[in-house]
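Structure record follows, encoded as structure tokens.
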Amino acid sequence: VVCLVAYHIFFMLFVWSYWKTIFTLPMNPSKEFHLSYSDKESLEREPRGESQQEVLRRAAKDLPIYTRTMSGAIRYCDRCHLVKPDRCHHCSVCDKCILKMDHHCPWVNNCVGFSNYKFFLLFLAYSLLYCLFIAATDLQYFIKFWTNGLPDTQAKFHIMFLFFAAAMFSVSLSSLFGYHCWLVSKNKSTLEVFRAPIFRHRTDKNGFSLGFSKNLRQVFGDEKKYWLLPVFSSLGDGCSFPTCLVNQDPEQASTPGGLNSTSKNENHLFPAKPLRDSQSHLLTDTLSWSETSGKTEKGKVG
């Protein structure tokens with residue numbers, strides 16, 4: 001009875017999280033990131049180069065965007081006709097821009113991004129527990145199979161196949177789940193591991209990391225009672241993310257992002273934009289963003 005109850009609990013949580021991962025639609029950038037009709041016309045008229053970048057700078061001047069392309073240009077999607085938010089990428093399979101895109105997963109036939117990344121993690125966790133439970137409960141019969149302790153029926157071959165399938169899936173799932181746990185602890189996506197985000201000052205592979213606890217809360221939320229359930233509880237809106245302090249200039253006013261502050265002789269391409277309440281409190285829990293504290297952080301890496 002205990003084994004049956006435990007089995008069905010793991011099975012239901014596995015199916016629930018798998019269902020949510022598959023059928024949760026990936027979130028796309030909000031309309032404020034799409035170019036207006038006049039901006040599209042201006043962009044089409046201008047030749048490629050600095051003139052087009054000037055159009056994009058005007059369109060993105062009020063947007064909370066701090067990452068750039070490898071050449072330092074504004075990240076723009078030619079297919080979706082929008083200025084890409086930070087951590088947003090265009091999926092060639094879905095043919096649209098996905099907020100905080102991690103990867104396109106053929107196992108779930110869906111893009112894994114901001115809207116369903118928590119569900120994907122829980123799917124990996126519960127499928128691993130499910131396979132481990134099956135392998136553990138089948139182990140004693142698997143041993144009897146090799147010691148000729150089972151009746152000579154066709155069922156004995158089913159036992160052998162079940163143990164091998166559960167064990168092999170456990171090995172592959174444990175490595176994949178461990179990898180994504182490491183990504184969560186570092187606040188990275190799979191795409192950002194292969195190509196680190198580029199900010200205005202330089203490339204910073206840990207630019208979005210705020211520490212283990214806060215990185216975990218960005219994905220699972222503040223309410224711990226929802227952490228183990230496949231219900232959406234991630235913080236933020238997927239369009240803007242808090243960042244750590246990197247090369248904070250004491251001559252500039254401190255900002256939550258900390259990454260759009262440049263030397264006093266440079267012009268800002270973007271003004272300092274406040275983060276959403278659910279995001280900014282991650283930064284204000286233990287840090288003070290006053291001008292005085294900005295002076296004490298001179299020379300430190302966030």
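Each Cβ is built from the backbone N, Cα and C atoms, and glycine gets one as well.
All annotation found in TrEMBL is predicted automatically rather than curated by experts.
Annotated features, as they stand in TrEMBL:
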- 6-25: transmembrane segment (TRANSMEM)
- 74-193: domain 'Palmitoyltransferase DHHC' (DOMAIN)
- 119-137: transmembrane segment (TRANSMEM)
- 157-179: transmembrane segment (TRANSMEM)
- 252-279: region 'Disordered' (REGION)
- 252-264: compositional bias 'Polar residues' (COMPBIAS)
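Packing against the transmembrane segment (119-137) from elsewhere in the chain are residues 3, 6-7, 10-11, 13-14, 17-18, 20-21, 24, 102, 105, 108, 112, 162-163, 166-167, 169-170, 173-174, 176-177, 180-181, 184, 219, 228-230, 232: each is 6 or more residues past its ends and has a CB under 8 Å from a CB in it. Long-range neighbours of the transmembrane segment (6-25) within the same chain, counting only residues 6 or more positions beyond its ends whose Cβ lies under 8 Å from a Cβ of the stretch, are 105, 108-110, 112, 115-116, 119-120, 122-123, 125-127, 129-130, 133-134, 137, 230, 232.
Residues belonging to the domain 'Palmitoyltransferase DHHC' (74-193) score a mean pLDDT of 92 in the model. Each residue of the domain 'Palmitoyltransferase DHHC' (74-193) gets a DSSP state, and the totals for helix, strand and coil are 66 helix, 16 strand, 38 coil.
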